[in-house]
Amino acid sequence: MKFLLLILTLWVTSSGADPLKENDMLFAENYLENFYGLKVERIPMTKMKTNRNFIEEKVQEMQQFLGLNVTGQLDTSTLEMMHKPRCGVPDVYHFKTMPGRPVWRKHYITYRIKNYTPDMKREDVEYAIQKAFQVWSDVTPLKFRKITTGKADIMILFASGAHGDYGAFDGRGGVIAHAFGPGPGIGGDTHFDEDEIWSKSYKGTNLFLVAVHELGHALGLDHSNDPKAIMFPTYGYIDLNTFHLSADDIRGIQSLYGGPEQHQPMPKPDNPEPTACDHNLKFDAVTTVGNKIFFFKDSFFWWKIPKSSTTSVRLISSLWPTLPSGIEAAYEIGDRHQVFLFKGDKFWLISHLRLQPNYPKSIHSLGFPDFVKKIDAAVFNPSLRKTYFFVDNLYWRYDERREVMDAGYPKLITKHFPGIGPKIDAVFYFQRYYYFFQGPNQLEYDTFSSRVTKKLKSNSWFDC
């Protein structure tokens, strides 16, 4: 260590760069060793120039790869880049995929979350990981399935310090995660530094964004030198509402696995486009989706931004080609970016506007008795974390935290929702109010006072 520190000191002095503190030089040495393959031979002082040249080349290599001004000197911008949180996988391979192009020789891949960070709720960890896998399955033919016991292809672990592989974590900051390329044993395994503060938002370190990056490695991708790519080595928060893979990420992963399986051609609509201002207009289902409200009717849906004149009508198949027409119920869990759609005895999950794999599922998996064949309407209450399902003159209540139907249900709609009678066509929640749709009319229902506060036409949202 002292020998290499001496070389770094002499090199910085001879290069004309500003003098560096000893801890900066030690940090730079460690960084170049870990990520750029710096190795300095113990040679006589007379040949030390060779080592200085080698160090300068490694600094230049790092600067070029990370898009810095290539000077070969440990200047301020270079040290700042070195101090950014990053992935623990080296940058030395100048390929979009790992050396030898390791890939999974199958399209159905299992994963298991061995333990959970205490920084986040268990369901939020599972959702972030599932969503990260979905990013890659959307652009490849790969399918991912979570298992809870045994050995999975990709084992996911939260750990601190040394944890049984080649790379001990270094505490908060620095290396935040690493992963291994496809293969047996440790191949594909993905590790997150527990000393980081993991989150589902911009605070701390966003688990979803880091997981997308690390799972790229687990699928065979190496680091990219494109700053817009999720496979760029350093971490930076990206707005989750606008996040998408870069062209470089997609080219890399599709060079290994090809593109996604092709869907059937978009079917023609079964019904003509409905008229928004028809006074007899009835909706099949209504739900919020982010900052919009979606109104479903036959093969179409309108989306509307509240308190805005912006309204648009589209075919359901234009957004989700494999979904059927005639959606009968819908609800959103906004903080999870999840929308559930129902038709007959089946339901589908939409996440970030993407149809999720392994759906549709049976409504009976939610706990409905066998006599329930369809759902008329559904709505999620974000304050209670409960979803209400309406069927004829009855309703059920589902606990979204525990993922189980509450005991003591069904109950009569008229008894517990004063002023609301069966049968309900659609319902959604917006700013403390439920909006119940029955035929061409809707009722505004105050969840605080448990009473109907307004009677409106169903299409009043369209400024008709």
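From the backbone N, Cα and C atoms, a Cβ is placed for every residue, glycine too.
Taken straight from Swiss-Prot:
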- C87, H213, H217, H223: Zn(2+) 2 binding site (BINDING)
- D119, E194, E196: Ca(2+) 1 binding site (BINDING)
- D153, G185, G187, D189: Ca(2+) 2 binding site (BINDING)
- H163, D165, H178, H191: Zn(2+) 1 binding site (BINDING)
- D170, G171, G173, V175, D193, E196: Ca(2+) 3 binding site (BINDING)
- D284, E328, D376, D425: Ca(2+) 4 binding site (BINDING)
- 324-370: repeat 'Hemopexin 2' (REPEAT)
- 421-464: repeat 'Hemopexin 4' (REPEAT)
- 1-17: signal peptide (SIGNAL)
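Listed in sequence order, the binding-site residues from G171, V175, H178, E196 having a Cα within 10 Å of the Cα of C87 (Zn(2+) 2 binding site) are V175, H178. Nonlocal intrachain contacts for the repeat 'Hemopexin 4' (421-464), taken as residues 6+ away from its ends with a CB within less than 8 angstroms of a stretch CB, comprise 276-288, 293, 295-296, 302, 304, 306, 309, 311, 329-332, 376-383, 388, 390, 392-393, 413-414.
In three-state terms derived from DSSP, V175 (Ca(2+) 3 binding site) belongs to an extended strand segment. Residue counts of the repeat 'Hemopexin 2' (324-370) by helix, strand and coil are 7 helix, 21 strand, 19 coil (DSSP-based). Restricting the average to the repeat 'Hemopexin 4' (421-464) gives a pLDDT of 93. Other residues of the same chain near the Ca(2+) 1 site, with their Cβ within 8 Å of the Cβ centroid of D119, E194, E196, are T117, P118, F158, F192, D193, D195, I197, W198, G204, T205. Under a cutoff of 8 A between CB atoms, and with a sequence separation of 6+ in the same chain, the neighbours of D193 (Ca(2+) 3 binding site) are F158, A159, S160, F169, D170, G171, R172, V175, I176, A177.
Taking a C-beta cut-off of under 8 Å and a sequence gap of six or more, E328 (Ca(2+) 4 binding site) has these contacts in its own chain: D284, A285, F342, K343, G344, K374, I375, D376. D153 (Ca(2+) 2 binding site) and H217 (Zn(2+) 2 binding site) have their C-alpha atoms 13 Å apart, to the nearest angstrom. Apart from H163, D165, H178, H191, the residues listed for Zn(2+) 1, the same chain places the Cβ atoms of G88, L157, A159, G164, Y166, G167, A168, F169, D189 within 8 Å of the centroid of those Cβ atoms. The 10 Å shell around the Cβ of D153 (Ca(2+) 2 binding site) contains 21 further Cβ atoms across the protein chains shown.
The DSSP secondary structure for C87 (Zn(2+) 2 binding site) is strand.
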